[in-house]
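Going by TrEMBL, these are the annotated features:
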- 17-36: transmembrane segment (TRANSMEM)
- 43-60: transmembrane segment (TRANSMEM)
- 66-84: transmembrane segment (TRANSMEM)
- 105-125: transmembrane segment (TRANSMEM)
- 163-179: transmembrane segment (TRANSMEM)
- 185-203: transmembrane segment (TRANSMEM)
Amino acid sequence: MHLNDIWQQIVSYSSSINLWELIGLITGILAVLFLIKENILTWPFGIIYVLVSFVVFWEARLYGDLLLHVFFLVLNIYGWYYWIKGRDNKAEEVPVTHSKLKPALITFGLTALGIFLFAQFLMALPNIFEGVEPPSLPYWDSTTSILSVTGMWLTTRKKIDNWYYWFAVDIIATGVYFYKGLYFYGVLYLLYIGMAIAGYLAWKKSMGK
């Protein structure tokens with residue numbers, strides 16, 4: 001498909017705007033902008049984004065993303081709590097840190113295993129629950145889902161390596177959402193690629209203070 005064809009589809013798609021996707025686009029961007037700034041408002045906007053995404057992903061049969069956002073809801077609430085209560089007594093905010101080598105390797109290994117196992121689960125869903133249609137792109141769906149869980153957990157702990165995972169997620173998800181015709185979410189994750197780079201640089205600068 002040529003770029004001109006994609007653009008024409010986006011224009012056509014925009015003429016019948018899905019309100020849920022539009023709200024998801026706006027709240028998703030705001031959540032990441034606040035995250036880059038290490039602003040605690042990232043969490044309430046993240047919660048709104050998650051709730052809206054439940055509707056979007058159910059309609060698109062992206063069950064992995066749907067289940068992922070259940071975890072996101074829990075982690076957003078936890079992150080909100082941790083950023084308020086997890087700081088040192090004398091610190092104004094939780095500091096940005098880097099994961100040590102051993103925990104980082106364990107995290108990576110568990111993430112890889114999780115991707116494989118979750119893909120098997122997604123493909124088994126139609127056999128487990130009557131009426132559930134076969135998942136779309138189960139392996140890609142699983143990859144973005146599990147990488148996102150890892151990235152989100154590292155984000156709640158304010159580990160700078162969260163941005164490595166988000167960068168990978170954003171590249172893959174951009175392709176998946178455009179392929180599925182979720183153009184607003186495709187644009188959102190395309191923007192996220194640049195924002196992940198900006199976030200990493202901002203947090204690295206924060207570590208140097």
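Note: Cβ is positioned from N, Cα and C throughout, glycine not excepted.
Long-range neighbours of the transmembrane segment (105-125) within the same chain, counting only residues 6 or more positions beyond its ends whose Cβ lies under 8 Å from a Cβ of the stretch, are 63-64, 99, 132, 134-135, 138-139, 141-143, 145-147, 149-150, 154, 165.
The recorded stretches the transmembrane segment (163-179) and the transmembrane segment (17-36) do not share 3+ CB pairs below 8 A when only pairs 6 or more apart in sequence are counted, and are therefore not in contact.
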